[in-house]
Ligand SMILES: C[S@@+](CC[C@H](N)C(=O)[O-])C[C@H]1O[C@@H](n2cnc3c(N)ncnc32)[C@H](O)[C@@H]1O
């Protein structure tokens, strides 16, 4: 039985693949099944046939997986958010740990016995401190809306993307990732914007006003920031002010920032901002430290998980108080601040200037005097840093991993230890394998920072060969 696009097949899901799809084999050919859970038998339709693999979607679950549990969210069947919520949490953890082993071995040719047991997230619901919601000029109708058989209008929507569709946004009614207050605020903003007379941004026509709503929370400080991103429209100032007054009255919002972004790329990033009320940023506490977080700065999205993760980074760094440490991709300096009391000095590098400004404020807030930060692209900055030889290097790149120039720079620098933090096992495996002639991999610690999603965080410890 050969796999062909459009063909219907009955298959058993063998395992999860990195990225979260179920994997099945048909006569040795790999078939990725969207939403497939290991152990389930499903009838599928092949949606795409490629040279080395094919893709399919489920038409019918013939026998459910023994690892399956009922979804807790009303939107589970189409939301691109936490789409592993149908898998028992213990089994999610087992699969994540296994995926790290397999990825390091198969993609990086690395020793999988270095992988230690995964650390679960301290919280599995309401664990996120940041959610980005997109506006849509033509919202996608949910199955329950269609079933009501009332006339629906493809008007302004604000919510999350339908799984696998960057251009489809549905109105979110409930969400278990951030907090119930965040969902209330989302609905409040949505109603206001729908009634404002101003259009949502249309990604096909590249026009419209409302673009993104980002809600950030300090989980340990009970502070909340609303970051609204629109295109530029000088006539809309009164509307934004009225929205600000409404948000202030809710008593749930500490600060409201309005940013504009006229670029064509669909990224929730404010190019120029004004603060409507409050300080324009929120604070968060992790361990004994305080952090300022500005609207565009990166901050770990699972703060209680981050505290444990940073503890492991510190342990892996093996500091005695006399070391120079580089914290590459340092964001708002949170890792720098965690390790600084145990090192002689810390040098952080970060691309986003706003995050570097936050990092400087953060060291001051915490009375730390041995950190300096550089704003810039690491692949450029690393050459300037190379005159100052570090004992320990910590890296924490985005999902795409490290640029080959950065890898070459790390090889040239004779650091005793390298602690590699990563939110993508595939690029971690690639980067560690490129470093393998200079650094020996000792241990890899997987962390679950993103329950109910297939995302996996890791901390890897390497020593100079
Ligand atoms: C995964 S975050 C880690 C931040 C920080 N270590 C933390 O735990 O909060 C990655 C950071 O790398 C920054 N970044 C991305 N590309 C970069 C580059 N080429 N050079 C320097 N920083 C970069 C991002 O802005 C982001 O703050």
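Placement of Cβ uses the backbone N, Cα and C atoms for every residue, glycine included.
Note that TrEMBL annotation is computational and uncurated.
The shown structure was predicted, so the numbers you read here are calculated from the model rather than taken from an experiment.
Residues annotated as active site, nucleophile in TrEMBL: 423. Residues annotated as active site in TrEMBL: 423. The feature S-adenosyl-L-methionine binding site is assigned by TrEMBL to 300, 329, 350, 396. Under the heading domain 'TRAM', TrEMBL lists 2-60.
The structure, with features from TrEMBL marked on it.
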residue : record                               : Cβ neighbours (10 Å)
300     : S-adenosyl-L-methionine binding site : 25
329     : S-adenosyl-L-methionine binding site : 20
350     : S-adenosyl-L-methionine binding site : 28
396     : S-adenosyl-L-methionine binding site : 22
423     : active site, nucleophile             : 20
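Apart from 300, 329, 350, 396, the residues listed for S-adenosyl-L-methionine, the same chain places the Cβ atoms of 298, 327, 328, 330, 331, 334, 335, 397, 421 within 8 Å of the centroid of those Cβ atoms. Of all Cα pairs drawn from 300, 329, 350, 396, which the record names as binding S-adenosyl-L-methionine, the longest spans 15 Å. Here the C-alpha separation of residue 300 (S-adenosyl-L-methionine binding site) and residue 423 (active site, nucleophile) works out to 11 Å. If you take the Cα of residue 350 (S-adenosyl-L-methionine binding site) and the Cα of residue 423 (active site, nucleophile), they are about 17 angstrom apart, rounded to a whole number. Note: the Cα of residue 396 (S-adenosyl-L-methionine binding site) and the Cα of residue 423 (active site, nucleophile) are spaced 8 Å from each other.
It is 13 Å from the Cα atom of the residue listed as 'active site, nucleophile' to that of residue 329 (S-adenosyl-L-methionine binding site). Secondary structure by DSSP for the domain 'TRAM' (2-60): 0 helix, 35 strand, 24 coil.
Per-residue pLDDT, averaged over the domain 'TRAM' (2-60), rounds to 95.
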